[in-house]
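What follows is a short report on a single structure.
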Amino acid sequence: MVFSEEAGSSSYSLPPYPREDTPLLGKAPALSSNLKTFANIFISIVGAGVLGLPYSFKRTGWLMGLLMLFSVAFLTYHCMMLLVLTRRKLQSLTPFTSIPSFGDLGFTICGPLGRFAVDLMIVLSQSGFCVSYLIFISSTLAFLTNNETTPVFLGFTPKVLFLWACFPFQLGLISVRTLTHLAPLSIFADMVDLLAKSIVMVQDVFVSVKNRPDLKMFGGLSVFFYGIGVAVYAFEGIGMVLPLETEAKDKEKFGRVLGLGMGSISLLFGLFGGLGYFAFGEETKGIITTNLGPGVITLVVQLGLCINLFFTFPIMMNPVNEVVERRFCGSRYCLWLRWFMVLVISLVALLVPNFADFLSLVGSSVCVVLSFVLPALFHLLVFKDELGWSCLVWDGAIVVFGFVIAVTGTFTSVMEILYPTS
């Protein structure tokens with residue numbers, strides 16, 4: 001997932017320090033049209049999470065998977081709008097107060113504790129995304145060698161070797177001080193990603209017509225939390241909503257544009273996940289591209305997705321760099337701290353065997369809190385004296401639901417990773 005123009009920010013720091021909502025292409029126009037806002041929403045949310053949806057549909061069943069996917073999309077949209085309404089309310093009370101980011105909103109409502117909660121979730125979620133990128137890249141390249149498990153050098157498997165081969169290059173990319181220098185790579189990665197996923201969907205159609213595998217509609221309650229976790233991960237983008245609303249030219253129509261964007265993305269995700277499962281049925285793998293047959297087109301698709309995630313890695317690490325450098329280095333550039341974070345993320349990626357299982361873990365644990373619990377809680381605290389009982393109950397229900405999913409879903413996902421089912 002690449003934030004082409006703006007990305008969610010957890011906090012505010014003065015220029016020239018690069019924030020995670022710093023535009024990649026230098027100075028952005030003061031205001032964005034509805035079309036540009038729609039495009040930014042689309043680019044900010046559509047990412048690597050979609051690649052795990054076919055496998056999730058295999059686990060949950062296609063109908064249950066679609067129902068969960070659309071439900072999560074609606075709830076994510078609702079919580080995004082809660083953030084927007086909460087900021088508008090606070091800024092109406094103090095017109096000269098600027099609340100540009102999620103972290104600033106948390107600080108305004110709950111003080112340092114609110115900012116810390118958002119910062120922590122931002123660091124964990126963004127780091128989780130980067131771990132999943134490394135898992136995908138190393139697993140895909142190992143698959144292309146037709147040897148995913150047999151040690152080939154000093155007792156290391158190809159997957160481990162490919163992961164460490166990426167390490168020095170990621171150290172170099174993460175050393176770049178500002179996102180502006182990464183803009184050409186970001187645009188290139190977006191183009192490659194769009195082309196590769198389009199080819200995957202076209203191939204899925206032809207394979208599904210040919211194979212016609214047996215399909216199931218419902219996978220049972222035992223996989224409910226697994227499916228929720230993957231869906232939440234796929235739609236994670238809550239941090240970008242406030243910067244995008246700030247840049248929107250017609251703020252009165254922002255909610256409508258956001259709803260249209262989320263609806264379009266949910267249809268795309270449902271189509272991608274459904275086509276992948278319809279094509280391969282119970283043979284659907286954790287990374288859908290490994291189901292594709294041999295050939296030049298398949299090779300191009302797999303390498304294209306790897307290239308996209310490889311260059312997206314440093315961009316997704318930017319929010320992590322911003323938070324840790326602000327908290328430990330006074331917002332000063334710190335090379336060794338950046339390199340240390342890349343090392344930790346690489347080590348975690350070595351311990352996770354399955355791409356889709358890790359998506360569910362990150363979605364269930366961190367993304368649920370960031371996307372559901374904190375927005376509903378902040379909205380409840382700000383509007384508690386004005387809302388009717390129905391709204392209070394609705395906000396409270398989202399908070400409770402989020403905590404239940406976080407606890408139960410995290411446990412389920414960890415068990416899937418430690419004791420995988422066939």
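The backbone N, Cα and C atoms fix where each Cβ goes, glycine too.
Unlike curated records, TrEMBL annotations are generated automatically.
Per TrEMBL, domain 'Amino acid transporter transmembrane' is recorded for 32-412.
Tertiary neighbourhood of the transmembrane segment (37-57): same-chain residues 1-8, 65-66, 69, 129, 132-133, 136, 190, 197, 226-227, 230-231, 233-237, 240, 244, 247-249, 254, 257-258, 260-262, 264-265, 268-269, 272-277, 279-280, 284-289, 291, 305, 309, 312, 355-356, 359-360, 363, selected by CB-CB distance under 8 Å and a gap of 6+ residues from either end. What TrEMBL records for 37-57 (among others) is transmembrane segment.
TrEMBL lists 63-85 (among others) with the feature transmembrane segment.
The transmembrane segment feature in TrEMBL is assigned to 122-144 (among others). Remote same-chain partners of the transmembrane segment (122-144), defined as residues 6 or more beyond its termini with a Cβ less than 8 Å from a stretch Cβ, comprise 1, 8, 10, 47-49, 51, 102-103, 157-160, 162-163, 166, 236, 239, 286-287, 289-290, 299, 302-303, 305-306, 309-310, 312-313, 316-317, 319-320, 323-324, 341, 344-346, 348-349, 352, 355, 358-359, 361-362, 365-367, 370.
If you look up TrEMBL, you'll see 156-175 (among others) marked as transmembrane segment.
Beyond its flanks by at least six residues, the transmembrane segment (223-245) meets 1, 3, 6-10, 20-21, 32, 37, 40-41, 44-45, 47, 49-50, 52-53, 56, 59-60, 64-65, 68-69, 71-73, 76, 79-80, 83-84, 87, 99-102, 105, 122, 125, 129, 251, 254, 258, 262, 265-266, 269, 319, 356, 359-365, 367-368, 370-372, 375, 405, 408-409, 412-413, 416 of its own chain at Cβ-Cβ distances under 8 Å. Here TrEMBL flags 223-245 (among others) as transmembrane segment.
Under the heading transmembrane segment, TrEMBL lists 257-280 (among others).
As annotated by TrEMBL, transmembrane segment applies to 292-313 (among others).
According to TrEMBL, the transmembrane segment annotation covers 333-352 (among others).
Sequence-distant contacts of the transmembrane segment (358-380) (same chain, at least 6 residues past either end, Cβ-Cβ under 8 Å): 49, 52, 56, 75-76, 79-80, 82-83, 85-86, 102, 105-106, 109-110, 114, 117-118, 121-122, 124-125, 128-129, 131-132, 135, 225-236, 238-239, 352, 387, 392, 395-396, 398-399, 401-403, 405-406, 408-410, 412-414, 416-417. The annotation transmembrane segment is assigned in TrEMBL to 358-380 (among others).
Among the features that TrEMBL reports, transmembrane segment is placed at 392-419 (among others). Only residues 6 or more beyond the boundaries of the transmembrane segment (392-419), in the same chain, are considered here, and those with a CB under 8 A from a CB of the stretch are 75, 78-79, 82, 225-226, 228-229, 232, 352-354, 357-358, 360-361, 363-365, 368-369, 372-373, 376-377, 379-380, 384.
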Practice problem: Between the transmembrane segment (292-313) and the stretches 63-85, 156-175, 257-280, 333-352, work out which stretch tops the count of Cβ pairs under 8 Å. | Solution: 156-175
Quiz item: Out of 63-85, 156-175, 333-352, which stretch has the largest tally of CB pairs under 8 angstroms to the transmembrane segment (257-280)?
Solution: 63-85
Self-check item: Other parts of the chain folded back onto the transmembrane segment (156-175), taken as Cβ under 8 Å at six or more residues beyond its ends
Solution: 134, 137-139, 141-142, 145, 147-150, 182, 310-311, 313-314, 317, 321, 335, 338-339, 341-343, 346, 349-350
